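Summarising the annotation, TrEMBL assigns DNA-binding region to B:18-57. TrEMBL lists B:G92, B:A93, B:G94, B:N95, B:L96, B:G97 with the feature NAD(+) binding site. Sequence annotations record features per position, and here TrEMBL assigns domain 'CoA-binding' to B:81-182.
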2 protein chains.
Amino acid sequence: MTREYSNISMAVIRRLPKYHRYLKDLLDQETYRISSKELSKLIGFTASQIRQDLNCFGGFGQQGYGYNVEELYNEIGKILGLYQSYPTVIVGAGNLGQAIANYTNFDKFGFSTLALFDSNPKMIGMRIRDIAVHDVDQLEEFIKKNQVRIGVICTPKKVAQDVATKLSEAGVQGIWNFAPIDIKVPEEIIVENVHLSESLFTLSFLLSQEFDQE
Amino acid sequence: MTREYSNISMAVIRRLPKYHRYLKDLLDQETYRISSKELSKLIGFTASQIRQDLNCFGGFGQQGYGYNVEELYNEIGKILGLYQSYPTVIVGAGNLGQAIANYTNFDKFGFSTLALFDSNPKMIGMRIRDIAVHDVDQLEEFIKKNQVRIGVICTPKKVAQDVATKLSEAGVQGIWNFAPIDIKVPEEIIVENVHLSESLFTLSFLLSQEFDQE
DNA sequence: TAGATTGTTAATCGATTAACAATC
DNA sequence: TAGATTGTTAATCGATTAACAATC
């Protein structure tokens, strides 16, 4: 099913996880049916956009009825590639790396953290909820041996590019990057950034606009 | 200078922190002058977009010369509202809360973490690089007394809305939300979300598209 | 059948890119 | 002055919204 949805815009793709989350909430509240209009009120997108978005992937709804919540939740999960197997390693076992290793929620969608890596001898050998911290020198060997698909970069800025290069060369398919740089890797490797300072600075822009400090 | 730039689109605003970061890198490399064309090559936006973006805020360049890196860096910093004072509290002193408390980089731009809050008695009284962990019961009093502007939510999902309400009622101006929900607060309060699972699920979508797993 | 709501096309809106006159 | 590069307008592109026929 490679590139099944290759012409979908990133704007649509980035809304999918939000649909997924709201549908889960509806299921938990035992709501089994929803119209684009009702969903619009909850999620804040227009009903028109919701119908457009969902129709990129197929006709999940039924005229006169709406959408079956459970079916839609499952379909969007599949479209997102959840429930595949994503062997993952985290590089950098500081607070952030540990925080991510502790997100047990990701496990059930297929993301399994096999190991953390660090260069600090005091960290090596420790365990974060049963996941061992290895010496970063063993990163490439471990990735190859365990067919790791995702590498998470939680290191300081100055080693992040180096780690990204090692991850790429060892064969990961995707990198989840928390370091405040734009890493350079071969184009076939997917990079998803979480740039915390960009998020915080956007907040400060908006704050300084709305709340005058003289 | 309230609402000085009230008609700038969010698309532009979200690019500003990236300009700011690249300009800092240029300064560190002792590059003091740059054209939109050269910056384009570095940052990956088109030269045209760069000129359009910067011109929303004033004519920082000079025909035939380009932009003065230091001047532009400082101007964008000011536009972003950096170097104001942003007294901040972090609610949730788990790994993520601690990780953010340890980001000393934010300090120099005006963000100062005054306290962490947690409900776990084992955490209360601890210190994360000299920042004390308080009982969450004292959150509102602390915010009022210290004129806290930003509240960071690093709690589990199920208490996040409650914390958001408390932060709002106590008078914060902005919320940096790491919990996987869309919190509801009065509209004058600015909310900036970091939804990690949305980021990870976008990565898994792209991975599952490009790398077939059968 | 009548009412509701989707799927889908067309219209609108906004963001990006191209072009070029202004000017350093 | 000639060359370079901005500031800014116009053209294009893409995303969102509106409208409505199809249909459950």
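Every residue, even glycine, has its Cβ placed from backbone N, Cα and C.
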Three-state composition of the domain 'CoA-binding' (B:81-182), taking helix and strand from DSSP: 38 helix, 29 strand, 35 coil
Binding-site residues in contact range of chain A, given that the Cβ distance is under 8 Å, out of B:G92, B:A93, B:G94: B:G94
Fewest Cβ neighbours within 10 Å, where candidates are the binding-site residues B:G92, B:G94, B:G97: B:G94
Number of other Cβ atoms within 10 Å of the Cβ of B:L96 (NAD(+) binding site) across all protein chains: 25
B:A93 (NAD(+) binding site), number of other Cβ atoms within 10 Å: 26
Summary of DSSP states over the DNA-binding region (B:18-57), given as helix, strand and coil counts: 28 helix, 2 strand, 10 coil
